[in-house]
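Undergrad: Sharing a structure here in structure tokens format.
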Amino acid sequence: MRGLGLWLLGAMMLPAIAPSRPWALMEQYEVVLPWRLPGPRVRRALPSHLGLHPERVSYVLGATGHNFTLHLRKNRDLLGSGYTETYTAANGSEVTEQPRGQDHCFYQGHVEGYPDSAASLSTCAGLRGFFQVGSDLHLIEPLDEGGEGGRHAVYQAEHLLQTAGTCGVSDDSLGSLLGPRTAAVFRPRPGDSLPSRETRYVELYVVVDNAEFQMLGSEAAVRHRVLEVVNHVDKLYQKLNFRVVLVGLEIWNSQDRFHVSPDPSVTLENLLTWQARQRTRRHLHDNVQLITGVDFTGTTVGFARVSAMCSHSSGAVNQDHSKNPVGVACTMAHEMGHNLGMDHDENVQGCRCQERFEAGRCIMAGSIGSSFPRMFSDCSQAYLESFLERPQSVCLANAPDLSHLVGGPVCGNLFVERGEQCDCGPPEDCRNRCCNSTTCQLAEGAQCAHGTCCQECKVKPAGELCRPKKDMCDLEEFCDGRHPECPEDAFQENGTPCSGGYCYNGACPTLAQQCQAFWGPGGQAAEESCFSYDILPGCKASRYRADMCGVLQCKGGQQPLGRAICIVDVCHALTTEDGTAYEPVPEGTRCGPEKVCWKGRCQDLHVYRSSNCSAQCHNHGVCNHKQECHCHAGWAPPHCAKLLTEVHAASGSLPVFVVVVLVLLAVVLVTLAGIIVYRKARSRILSRNVAPKTTMGRSNPLFHQAASRVPAKGGAPAPSRGPQELVPTTHPGQPARHPASSVALKRPPPAPPVTVSSPPFPVPVYTRQAPKQVIKPTFAPPVPPVKPGAGAANPGPAEGAVGPKVALKPPIQRKQGAGAPTAP
């Protein structure tokens, strides 16, 4: 039976060649029946935020004669904390909402037994996505409505029939924007490791036009398509130590908000102009991407601005040109690469793509071949690192709000969140020996696991360089010896002289630099006389300015696409992105000796420079752009007056005044505790001494009952007392001792009984019941009355007389049916 079960399992995992193609877009494929591996048992009632899809899932499927085991984890970082969706309601009004229960079915992972493998799939309605093994990229999608266990097609990208696509960013425009590149700049990186810098984050906003909505048919289908695409893009960028987080989705289900032209350059300019007008109304983001169902002219499938990330021009347009979402995901990753400063691989001599030529090209190839790319080339990584050195890229260092990521903190998502000391990804992908990937806690003996000031699981010593100086307006940063992260990036003090200008927030703005940024390398600042013009909307020029802080005037270069210009003589003014005004001279630009443009006027440097800031740094540092001391290596902030080693040593022991405060606080607490204890004890003592009712032998009711009812045999019987009252033995020759008490008796003591010959009185029989507790008096117990006429001491017993006096004992208790007590 077991052999039959294994045979059936093997039959399920082996692929079956389909007798016919399900659609004409696929040239060759294999039919597989994925088998989901049983996961660990969980409670039936899952928390609501976990949704219907598990955090982890594994599938076994067969393709190309092999059985592949895919281990997947839900991409909890796919959606940002403030993720919103915008669409048009039935009444025509625009609706923006944050969906509740943002659970999804998009996963990332790896293939068991294959190093450097990758997988990105959705499990919403069957399996759809890709998994990479070595240089082979396998695509999978369902063939029927059988769900995850139904028939699926597995094929390689080159077997998907599609037209070749190209990037609309021309090589000429790239060359003019990026300048010449040599092979020496792009030496191959040793190994295939991630960059050692901190993780960068792209907060993405996606717009879907009406043509795409009509093609997919519903808002739900659009949402699913976009999440699939972004999930793939995020997976592609993870190898560059980047994360792509979707913070907003806008679906034009009614009509387009601007004209989507078949000309991709026009559509891009319309997108950026619309974004500039709507930016304050939309979720804050770093990059906007349009996905359109419009067929662009020629072979172009994407168009983007180069090196525009973190600016108002940060965006791109993408044609949804493939039935498989991996196709548009690769296009979006390519265009986003242009936004990050990357050039086409073909334009760089010596650029190396680690992919085999027959397996496909890298992501930044100028055209898409028969297979989808899956990695970035060496030169693309070098371009990226160069872009990240610019002050412009600062927006990428801002991580999303980790405390509000959709799904909450999850160990293994590469985000160090609440309750975690480190996060190196899932156990199968983690290569960081300083971090326990299953608990996201530091390994035993490790001080750190991440950060540029962390080396071999230890924090680097104070004074080691962790961020070098990039240019004249930058400052180098050093490790402080206590934290694994490099201190915040700081710049020279605003107003510090630099090449042809003065530093301002880490840049050296000059007129020539600004003209080159807009008009390309050939752009130059126009003659000084041009700056005396003020250009009003509609290209109305008026000559009355007395400084050079009005409209930016340039000459030479190439006119930017989608921008209108105003030409006055040899002066060229460029319209802003929204077309409502003309580009001004940026703040901080030099307008004369010791003068800069500030709030539209040419003013003295002292408008933002403190004359005595650096004097506070004790000659061991300089003032930075925040008017704070930036200390030299080994010196401690805030005023660079002490060495870091001295500060760290002093921090190991508490200051004297802190010790004094702690001692005084301890004394006060002990005193208060003593007062409280004393008051409680005193109150208990007083409560016991509040006039207790005295129980005396003379007031014992049993005494009176015995004396009045039954005379004692031959003398007075000892009065009955409670079990806790002891009366000392009194001899006849001793006087009776009265109790030392100030309480006066209200009635005289009873007269001694007369000796009568009578049978002994019966002793009452009591049930076994606990005697009633009485308060023990604080004075001596009473002495029983002495028999009158007592003779000499110690008389011998005589007939009819009682024996010596003994302490009063409680009545003898007998069980029912017992005989009468015998005389003692």
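Placed from the backbone N, Cα and C atoms, the Cβ positions cover glycine too.
Okay, so Swiss-Prot annotates it like this:
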- Glu335: active site (ACT_SITE)
- 788-804: compositional bias 'Low complexity' (COMPBIAS)
- Cys310-Cys395: disulfide bond (DISULFID)
- Cys351-Cys379: disulfide bond (DISULFID)
- Cys353-Cys362: disulfide bond (DISULFID)
- Cys435-Cys457: disulfide bond (DISULFID)
- Cys448-Cys454: disulfide bond (DISULFID)
- Cys466-Cys486: disulfide bond (DISULFID)
- Cys473-Cys503: disulfide bond (DISULFID)
- Cys498-Cys508: disulfide bond (DISULFID)
- Cys566-Cys613: disulfide bond (DISULFID)
- Cys613-Cys623: disulfide bond (DISULFID)
- Cys617-Cys629: disulfide bond (DISULFID)
- Cys631-Cys640: disulfide bond (DISULFID)
- 200-400: domain 'Peptidase M12B' (DOMAIN)
- 408-494: domain 'Disintegrin' (DOMAIN)
- 609-641: domain 'EGF-like' (DOMAIN)
- Asn67: N-linked glycosylation site (CARBOHYD)
- Asn91: N-linked glycosylation site (CARBOHYD)
- Asn436: N-linked glycosylation site (CARBOHYD)
- Asn612: N-linked glycosylation site (CARBOHYD)
- 1-16: signal peptide (SIGNAL)
- 656-676: transmembrane segment (TRANSMEM)
Undergrad: For the domain 'EGF-like' (609-641), could you work out the same-chain residues 6 or more beyond its ends whose Cβ comes under 8 Å from its Cβ atoms?
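TA: Same-chain contacts beyond the flanks: 462-465, 475, 478, 480, 490-495, 503, 505-506, 647.
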Undergrad: Sequence gap of 6 or more, Cβ distance under 8 Å: name the residues on the same chain that satisfy this around Cys508 (disulfide bond), in order along the sequence.
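TA: Non-local contacts for Cys508 (disulfide bond): Asp471, Met472, Cys473, Cys498, Ser499, Gly500, Gly501, Tyr502.
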Undergrad: Using DSSP, how many residues of the domain 'Disintegrin' (408-494) fall into helix, strand and coil, respectively?
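TA: So the counts come to 0 helix, 16 strand, 71 coil.
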Undergrad: Out of Cys310, Cys379, Cys448, Cys617, Cys629, which of these disulfide-bonded residues is nearest Cys353 (disulfide bond) by C-alpha distance?
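TA: Comparing Cα positions, the candidate nearest Cys353 (disulfide bond) turns out to be Cys379.
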Undergrad: Among the recorded positions listed here (Cys395, Asn436, Cys466), which has the Cα closest to the Cα of Asn67 (N-linked glycosylation site)?
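TA: Minimum Cα distance from Asn67 (N-linked glycosylation site) across Cys395, Asn436, Cys466 lands on Asn436.
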Undergrad: Any idea what the Cα distance is from Cys623 (disulfide bond) over to Glu335 (active site), rounded to a whole Å?
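TA: Spelling it out, the Cα of Cys623 (disulfide bond) and the Cα of Glu335 (active site) are 39 Å apart.
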Undergrad: Closest of the recorded positions to Cys613 (disulfide bond), Cα to Cα, picking from Glu335, Cys362, Cys503, Cys629, Cys631?
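TA: Nearest by Cα distance to Cys613 (disulfide bond): Cys629.
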Undergrad: Please name the residue among the disulfide-bonded residues Cys353, Cys454, Cys486, Cys498, Cys640 whose C-beta has the most neighbouring C-beta atoms within 10 angstroms.
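TA: The residue with the most neighbouring Cβ atoms within 10 Å is Cys454.
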Undergrad: What are the sequence-distant neighbours of Cys466 (disulfide bond), meaning same chain, six or more residues apart, C-beta distance under 8 angstroms?
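TA: Listed in sequence order, they are Thr452, Cys453, Lys460, Glu477, Phe478, Cys479, Cys486, Pro487.
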Undergrad: Quick one: mean pLDDT on the domain 'Peptidase M12B' (200-400)?
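TA: So the average pLDDT across the domain 'Peptidase M12B' (200-400) works out to 87.
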Undergrad: I need the least crowded one of these disulfide-bonded residues (Cys351, Cys379, Cys457, Cys629), counting other C-beta atoms within 10 angstroms of each C-beta.
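TA: Relative to the other disulfide-bonded residues in Cys351, Cys379, Cys457, Cys629, Cys457 has the fewest Cβ atoms within 10 Å.
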Undergrad: Within 10 Å of the Cβ of Asn612 (N-linked glycosylation site), how many other Cβ atoms can you find? Include all protein chains, please.
TA: 7
Undergrad: Name the residues of the same chain, 6+ apart in sequence, whose Cβ is under 8 Å from the Cβ of Cys631 (disulfide bond)?
TA: Cys617, His620, Gly621, Pro637, Cys640
